[in-house]
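Novice: This is the structure I have questions about; it appears just below.
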Amino acid sequence: MHLTVLGCYAATPRTLTNPTSQVLEINNHIILIDCGEGTQVELRRHKIKFSRINHIFISHLHGDHFFGLPGFISTMRLLGREKELHVYGPKGIKEAITLLLKLGDSWTNYPLLFHELSSKESELVFEDEKISVTTIPLDHRIYTNGYLFREKVGKRKLNIEAAEKYGIDKAYYQNIKNGKDVTLDNGEIIGNNELTFDPPKPKSYAFCSDTIYDESLAAKIKDVDVLYHESTFLESEVELATKTKHATALQAAKVAKDANVKTLVLGHYSTRYKSIELFKEEASKIFPNVLLANDGKTFDF
Ligand SMILES: [Zn+2]
Ligand SMILES: [Zn+2]
């Protein structure tokens, strides 16, 4: 699992900081999560091919999370995209985007498919043989979802050394990979477990964009490997955080601790603070494994 943070600062684009957008590479999928202004430029800077993105997940319709989307959709048309593009986001996103395309008489010549969300309960919104994506309802000033991305268990890996030891013909290798046992010429049955290695443990990533501190969130993301949780403010501004339905670094750490996640990634920083290290210091008081997102930073999990 590989994460590229394209932008992770609150509110407005600035000279050196971008609003929220990130690219998650998970089990051969390249997924765009939120699409603030500047997303296209950052994708180019990181040499991520636009054409490899087939799924975009938007948390909510505040500008710092989706004002880059019309531009991105429009550029895909100019680049001659033919493949489907799937956009997941709150109800209203289709109307917002299609109005712009209509006024500019610039309809896409590729299938643009919207999956509008309005449920306040967690729901499965995408699934194939490699991953699943479920929503994480959040409590913000407008309808907002985080997303939980989970890898599926891969196939067992062939243990060639073991197969050779039993003199098994290569023609059976595919059957072994598919989970079959092998019967040798002398009638002895070799169990599949002896001929294969366990597949790697599937990983999971929870993206929780703008939200007030919510104690009940931990239960929805229990034991995930990586939690990205907003931390717009520090505890010194906790009242402002509550008023604007945002969270502090300490509150993000509480969620991480209660959910028993392995790693917490902080982001969506207010630019009022001198250094983002302050967020790590605060969160680390109660949760040990804290990483700081920053624009252009990449993580391997
Ligand atoms: Zn925001
Ligand atoms: Zn917001």
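Every residue gets a Cβ built from N, Cα and C, even glycine.
Here's the feature list from TrEMBL:
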ACT_SITE  Asp64  active site, proton acceptor
BINDING   His60, His62, His140, Asp210  Zn(2+) 1 binding site
BINDING   Asp64, His65, Asp210, His268  Zn(2+) 2 binding site
Novice: If you count other Cβ atoms within 10 Å of each one's Cβ, which of the binding-site residues His60, His62, His65, His268 has the most?
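Specialist: Output for this query is His268.
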Novice: Relative to ligand 1, which of the recorded positions His60, His62, Asp64, His140, Asp210 have a Cβ found under 6 Å from one of its atoms?
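Specialist: By the Cβ criterion, which requires under 6 Å to ligand 1, the hits are His62, Asp64, Asp210.
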Novice: Within 8 Å of the Cβ centre of His60, His62, His140, Asp210, which other residues of the chain have their Cβ, at the recorded Zn(2+) 1 site?
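Specialist: Result: Ser59, Leu61, His65, Leu138, Arg141, Ile142, Thr144, Ser209, Thr211, Lys245.
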Novice: Within 10 angstroms of the C-beta of Asp210 (Zn(2+) 1 binding site), what count of other C-beta atoms is obtained when all protein chains are considered?
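Specialist: Excluding its own Cβ, Asp210 (Zn(2+) 1 binding site) sees 26 Cβ atoms within 10 Å.
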Novice: Which residues in the same chain, at least 6 apart in sequence, have a Cβ under 8 Å from the Cβ of His140 (Zn(2+) 1 binding site)?
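Specialist: The answer is His60, Ser209, Asp210, Thr211, Ile212, Lys245, His246.
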Novice: Less than 6 Å between Cβ and the nearest atom of ligand 2 is the rule; apply it to the binding-site residues His62, Asp210, His268.
Specialist: His62, Asp210
Novice: List every residue in the same chain as the residue listed as 'active site, proton acceptor', at least 6 positions away in sequence, whose Cβ is under 8 Å from its Cβ.
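Specialist: Set apart from the residue listed as 'active site, proton acceptor' by at least 6 residues yet with Cβ under 8 Å, we have Ala10, Ala11, Thr12, Pro19, Thr20, Gly36, Glu37.
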Novice: At the level of the C-alpha atoms, what whole-angstrom distance separates His268 (Zn(2+) 2 binding site) and His62 (Zn(2+) 1 binding site)?
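Specialist: That comes out at 13 Å between the alpha carbons.
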